[in-house]
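Worksheet: one structure, shown below.
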Amino acid sequence: MSFRVVRSSKFRHVYGSALKREQCYDNIRVSKSSWDSTFCAVNPKFLAIIVESAGGGAFIVLPLSKVGRIAADHPLVGGHKGPVLDIAWCPHNDNVIASGSEDCVVKIWQIPDSGISRTLTEPVVDLVYHQRRVGLVLWHPTAQNVLLTAGSDNQVVVWNVGIGEVLVHIDCHPDIVYSASWNWDGSQLLTTCKDKKMRLIDPRTGTVQEEAVCHEGSKATRAIFLKSGLIFTTGFSKMSERQYSLRAPEHLSEPIVMVELDTSNGVMFPLYDPDTNLVYLCGKGDSVIRYFEITAEPPFVHYINTFQTPDPQRGIGMMPKRGCDVNSCEITRFYRLNNSGLCQVITMTVPRKSELFQEDLYPDTAGDQPAISAEEWIAGKDAEPVLISLREGYVPSTQKSDLKVSRRSNVLDKMPPKGSRGGSGSTGISAGPAAVAATVQLPDKFLEEFHEEIRKLKAVIVKHECRIRALEARLSAAPAPGNDGGEEGRVGDGLGVGQPPRGTLETLNNTHTSPPMALSQELAPDEV
């Protein structure tokens with residue numbers, strides 16, 4: 001007698017359901033770029049979607065509560081000069097988002113709690129290093145203000161966003177980097193490249209610890225770290241069949257599992273939930289979402305089910321566990337972009353009859369507090385994410401502050417520091433931008449003194465001008481020599497042209513030299 005043993009798992013009956021259209025986001029001009037990106041990023045506060053924009057690149061940021069039809073003139077985040085290729089929310093600050101673009105610049109944006117009311121064009125900081133388009137931005141999971149970027153110049157750069165400077169430059173890829181993933185504590189970096197290889201890298205030094213062929217197909221591949229330390233990859237075979245595999249570090253060239261799915265040509269994005277150990281496969285152009293459970297029992301990657309939709313998807317975003325509804329046993333929420341301009345909300349739910357908090361479904365999850373600083377991380381310290389409980393629901397941290405960038409001073413800069421009084425004289429006024437900076441930083445007392453001195457100088461100038469006009473009028477009103485008909489007052493030069501007598505010339509000379517003396521006598525001593 002033969003019988004089939006059903007595998008025991010609390011996620012075996014997970015099902016997906018799409019919300020009604022009025023609970024979704026409609027009329028969004030999703031980007032038509034051919035770049036292999038998810039085009040969507042979401043956190044418990046905002047939904048960000050890369051959109052089509054004339055005259056540069058832009059993305060739209062919507063509060064999660066702003067559902068329904070979005071106005072065509074809704075404000076955008078549009079400071080890039082080329083199409084935006086990738087966006088990522090900071091895991092430690094729900095108001096900060098990074099964007100990479102074809103203009104080779106990475107920009108960091110600060111979004112107000114209420115959303116944006118007008119088009120935002122001024123970022124908090126520009127990160128300029130790449131020589132070609134930037135197609136990948138990825139935040140560090142535990143270190144504060146640490147951001148990884150990768151571009152078509154085959155370079156991977158790790159930034160300290162807090163000071164706007166490069167921490168590590170990794171130059172070990174011979175071709176375009178397709179994907180990157182941090183491990184659980186951020187001590188290792190996993191990348192896939194167009195040369196079909198995956199690389200395990202020390203992110204602090206840039207040295208390659210291990211490399212192996214990821215998938216033999218020539219199309220884009222993706223690889224992610226699992227919480228246990230294993231590696232999950234997606235790609236294509238030589239016959240262009242889509243595959244996924246499970247591998248272990250130090251044995252990357254020997255897959256634990258390698259499974260062929262179908263013959264579609266869309267790149268598959270693996271989205272991972274470390275709390276439930278579920279992996280969701282979402283292909284670009286697919287109308288399905290497949291989900292698998294990773295366990296320690298063979299065959300290790302267990303197929304659970306497929307969520308089917310009628311429309312193909314152009315992009316997708318996954319909500320962090322902090323933003324899920326624990327009261328309805330929701331374990332994951334997806335924001336799925338259609339070609340029609342609809343952002344469809346899909347919830348993944350475990351059916352439970354009880355309305356109490358389900359501890360087995362919601363273990364402590366990564367919170368929004370960084371475990372270490374960027375300086376500690378680059379110095380060699382590792383730390384796992386700070387975990388929080390969702391028993392009472394997610395409560396945002398109240399000590400969040402705006403992202404502030406403090407650039408270090410340049411030792412080659414000869415300009416005087418701000419606040420110093422430079423220049424000539426006691427007024428503190430000097431030529432050049434340094435003087436302007438110094439003037440702006442002066443206290444109100446000094447500014448009042450400057451205004452008083454300027455007022456006195458203006459009064460002196462006005463009195464000088466009045467005195468000069470009066471003297472000119474007196475000179476022009478003097479009678480011309482020889483008008484009285486006499487010849488005794490005229491001195492001839494032999495050409496019949498008369499000249500004023502000597503006494504008249506002396507009078508004029510004295511007149512031109514006397515005004516300063518007269519003015520000095522008329523003006524008060526403090527006005528000279």
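Here the Cβ of each residue, glycine as well, is placed from N, Cα and C on the backbone.
Marked as domain 'DUF1899' by TrEMBL: 4-68.
Through the fold, the repeat 'WD' (77-119) approaches residues 31, 33, 35, 37, 41-46, 48, 50, 53, 56-63, 66, 125-128, 130-139, 141, 144, 147, 149, 151, 159, 161, 320, 366, 368-370, 396, 400, 402-403, 405 of its own chain, all at least 6 residues removed from its boundaries and within a Cβ separation under 8 Å. As annotated by TrEMBL, repeat 'WD' applies to 77-119 (among others).
Annotation source TrEMBL lists repeat 'WD' at 127-161 (among others). Taken together, the residues of the repeat 'WD' (127-161) have an average pLDDT of 96.
TrEMBL lists 411-430 (among others) with the feature region 'Disordered'.
Among the features that TrEMBL reports, coiled coil is placed at 447-474.
Residues or ranges marked as region 'Disordered' by TrEMBL: 477-528 (among others).
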Next item on the list: Please spell out the DSSP helix, strand and coil residue counts for the domain 'DUF1899' (4-68).
Entry: 3 helix, 24 strand, 38 coil
